[in-house]
Amino acid sequence: MVLIRVLANLLVLHLSYAQKSSELVIGGDECNINEHPFLALMYNSTSMKFHCSGTLLNEEWVLTAAHCDMENMQIYLGVHDKKNPNKDQQTRVPKEMFFCLSNKSYTPWDKDIMLIRLNSPVTYSTHIAPFSLPSSPPTVGSVCRIMGWGAITSPNETYPDVPHCANIEIYDYSVCRKAYGGLPEKSRTLCAGVLQGGIDTCLADSGGPLICNGQFQGIVAWGRHPCAQPQLPAFYTKVFDYSDWIQSIIAGNTAATCPS
């Protein structure tokens with residue numbers, strides 16, 4: 001697992017944060033096959049290893065985490081069981097990728113977001129449909145849905161063929177600051193999980209959606225490994241804060257900048 005830390009507090013943060021780019025939902029159950037038509041599966045076409053998920057915004061655009069950037073990326077839409085493809089499953093590759101910063105810089109609490117333009121539009125179908133951007137931010141205490149093909153056990157990871165889903169809760173950012181230490185006072189992330197432990201996103205869930213009250217509110221970003229430990233919620237990029245940037249890029253303003 002790749003670990004990324006802030007230079008000023010390198011040792012502490014190196015022990016605290018881990019990308020969820022190879023994680024699945026711990027403590028969940030198989031998602032209903034009709035529950036995730038917007039969910040994208042992201043592979044390295046050379047190694048044929050699954051690394052991340054993403055969310056389809058419209059026929060041409062997928063939103064995911066910046067740390068999901070990889071060589072030889074293939075994006076699968078309409079997938080449920082990886083070993084038994086749906087008839088309407090479609091595959092695309094990136095045509096363009098957009099980051100908040102030209103040097104692709106991001107931290108566990110800022111700008112871990114990537115917008116991908118597909119090489120050709122997908123066709124909507126029974127198992128392929130978009131998810132709109134949120135109209136308002138989520139509130140503390142909201143119950144949210146997580147989903148993905150990431151690890152279902154940790155630290156000895158096992159990976160399912162079908163996506164798993166589970167419910168977690170939004171906490172005040174101060175809960176994550178207390179749990180991890182060394183975090184800035186403000187962040188464009190959501191703090192979410194189950195403080196009792198046992199339920200969490202995990203390796204290879206990165207880039208997937210956090211859905212609160214029917215709205216796409218977060219992107220799976222960072223958390224502690226092993227996954228699903230008590231008192232250690234995870235971080236999700238706050239989609240609402242980046243809505244203007246996302247809409248500007250999709251509209252053709254490729255010079256648009258992310259919120260500071």
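Glycine is no exception: its Cβ is also placed from the backbone N, Cα and C atoms.
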| field | According to Swiss-Prot, the disulfide-paired cysteine of C31 among C165, C176, C191 | value | C165
| Close disulfide-bonded residues near S206 (active site, charge relay system), where close means Cα within 10 Å, chosen from C52, C68, C100 | C52, C68
| field | Alpha-carbon distance [C100 (disulfide bond); C227 (disulfide bond)] in Å | value | 28
| message | Between the Cα atoms of D112 (active site, charge relay system) and C258 (disulfide bond), what distance do you get, rounded to the nearest Å? | response | 11
| Can you tell which of N44, N156, S206 has the most other C-beta atoms within 10 Å, given these are the recorded positions? | S206
| For the domain 'Peptidase S1' (25-251), the mean pLDDT of the predicted model | 95
| query | If we check Cα distances from C165 (disulfide bond), which of the recorded positions H67, C144, N156, C258 wins as closest? | reply | C144
